[in-house]
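Here is the structure we will look at, set down as structure tokens.
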Amino acid sequence: MAPYRPEFSAAEQSRIDAEFSRLARNKSVYLDHAGTTLYAENQVTAAAEQLQRNVICNPHTCRLTGDFVDQVRFKILEFFNTTAEDYHVIFTANATAALSLVAENFDFGSTGDFHFCQENHTSVLGMRERVRANGIYMLKEKEISGGELKKNGTVHKVSGKTGNSLLTFSAQCNFSGYKIPLDTIEKIQIDGLSKPGKQLWGSLGENKENTHNDYYICLDAASFVATSPLDLKKYRPDYVCLSFYKIFGYPTGVGALLVSRRGADVFQKRRFFGGGTINYAYPHAMDYQLRETFHQRYEDGTLPFLAIVGLLEGFRTLERLVPKTDEFSTMERISRHVFGLAKYLEDQLRQLQHPNGEPLVELYNKVGYQDKSRQGGIVAFNVRTESGSFVGFGEIACVAALHGILLRTGCFCNIGACQYYLNLDEDAMDTIYKRAGRICGDYFDLVDGQPTGAVRVSFGYMTTFQDVEQLLQMLRSSYLATKPLQRIQFIEEQAEQLPPLLKERVQLLRPKLLQMAIYPVKSCAAFKIELEGSWPLTDQGLRYDREWMIVDMNGMALTQKRCTELCLIRPVIKVDQLELQFGDNSHFSVPLSLEDQAADSAKCVSKVCRQPVEGLDCGDGVAQWLSENLGLEGLRLLRQSGQRNSSKDQQKLSLVNQAQFLLLNKSSVRSLQFEEPLDETVDRFRANIIIDTGSAFEELTYKALSIGGIQFQVEGPCQRCDMICINQRTGERSPETLTTISRLQKGRMRFGIYITRIPQDTKELEAKEHMTCGDVVLVE
């Protein structure tokens, strides 16, 4: 690993630090420059002084204001190494408004299509709603940048073509910092697209050929130009969209759309026009004439002239604090600086490991950090626990905030990049956004243990090496040297210091009761309670859990060791009946009421774990139904009628083998990494109480816990046998379940923990005779 080499001299760094002294005063580390960079202190002071010196008013009134605006247009063109001969500058509110302007005014002709890259800002997805294209297509990044550029090609408009197609992509992905090679622009302008992409709208089944259309490029440069030079002499997109606060930090509310001469030829003013865009418009007739000057036709209404004038100090500040050298321009030096920091951080993150050798972070990038022309100053990642489970990005945001570190979490208004880097298929997207209810900007960070977003840190010219070190130290101290419960306690104790949205996230840090599983008939399938459902408790455990069992002709309890088909009997608890189902059409019901059952039943005795159990025979009808479906003669269904106590501590038990409840941590199940669906693996362990702590095997350290205020003591781990090798949905055996647990537990067959409800001496908790899915789990 190469050592970090600073781009700026000590004197330059000192001048920069002096301009951002407020960070030190506030004990803040700012690492969200892809969201917005920071303004220098003298920058805003100089901008204010300029307003105080001059009378800057509406440009329609004051020529001085118009001169200032023209200066800024010239400076923008110079900044991108081009001139007014090649590009027009249209001021907009931001990059989003620039993209909207392109969508509204681009002339697709009769056959033109709209194409966009999957890894794009949400605003590009919004363009789909406004374009008047023949078809709309999504392209993966490789489909855009994967081809070879023809040599000596010429961009031109070929006669006979009937439409204009538009491709929009980001010069730099704001999620990962990946940069699409800019020579892709000319390639597509010359050759078109080899593949149109996935069709989202339009006439299906059409054979799209490049010969029908000319191709134009709209470059979303907002993330790219904040820290990288864009040379419009070398690369000539037809449209460039940007926001100036990304570059300067101040002012906000002003962006630009740069339109090439080629792009202007297919730009047509649509429907609306505002003040300043026309030569005249009659109120008494549908007659108007637009301005001759191109940019004036599209700058509806009064420009944000004070903000535009403030841009001059932004340019001056960059040139003052990061002066060009004989070798590199200002923006090239900034690019080198942020890339160097990102490369150092990525190198350090790769070295962070848990004591068992598992990596602390999972990084999201395409080409690594070897070439700044392909990767910018952004690092995206998620944190993993020692067992490999993901830590929710909302928790990372809380911990970072309490350490004074400002970073970004989520999908960063780039759901397509989230989909790509997190490997989310269409069903997973529906699970996250439609079924689980996540919305953009929330802290709903894990669904079934899988992340719905990531952590992003991004750098600007004022970011220091020490800032990166503080982030690394926070990760080391919080996630390598601290146990999860200690970390949660730390966050909860400091929660009042957090902003409102993160305070809400603190409430989600504690694990919750996800599901309860009642097994009315011993060794048969579960009846499940989930989605905020409640279930009553008795002094033996969950009501109706293991109250029935099937015995053979010798009176011995039948288990899945002898008959795996037992798992195919599905009990359903109804208002007054227990319905047993086998397959789609076969079912039989017995009374839920013990009194009703006792009236028509004979008493009998069986054994569970060598202990005698008093029971009631449920009759010949259900006995015959069981024998027919399971293919065994002489089966009977018994219901427990007498009290059964544990031989160990006299706790009251149903027909369970060892304890009142078996608790399972879904994170532990997830660590097995079986190919079958996670819920199928959970079913193998036949637990009553399912939680998800985010940290595998954490439950093995518990001594006591409470669920929704109900106290439990831990009896110990559940020692597993080959019963867990049976798939509870098919009855098929697969031995890898047991061997995997043995490997993870170093030869021990422990999975899940037995817990027992702690008796209460008073009746003050009578209201707590139910547990509800969603109850908070507190560990002692």
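Glycine too: its Cβ is placed from the backbone N, Cα and C atoms.
Of all the Cβ atoms in the protein chains shown, 25 others lie within 10 Å of the Cβ of LYS246 (N6-(pyridoxal phosphate)lysine). The N6-(pyridoxal phosphate)lysine annotation in Swiss-Prot covers LYS246 and rests on sequence analysis.
Among the features that Swiss-Prot reports, active site is placed at CYS413, with the record citing sequence analysis. Taken residue by residue with DSSP, CYS413 (active site) is part of neither helix nor strand, so it is coil.
What Swiss-Prot lists as domain 'MOSC' is 635-780, and the listing cites sequence analysis.
The Cβ of SER734 (phosphoserine) lies under 8 Å from the Cβ of CYS725, ASN727, each on the same chain and at least six residues away in sequence. Marked as phosphoserine by Swiss-Prot on the basis of similarity to another entry: SER734.
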Secondary structure at SER734 (phosphoserine), reduced by DSSP to three states:
coil
Please list, in sequence order, the residues in the chain of CYS413 (active site) that are at least six apart in sequence and whose C-beta is under 8 Å away from its C-beta.
HIS121, THR122, SER123, ASN174, CYS440
Please work out the mean pLDDT for the residues of the domain 'MOSC' (635-780).
84
For the domain 'MOSC' (635-780), give the DSSP counts of helix residues, strand residues and coil residues.
32 helix, 48 strand, 66 coil
For LYS246 (N6-(pyridoxal phosphate)lysine), which DSSP three-state class applies?
helix
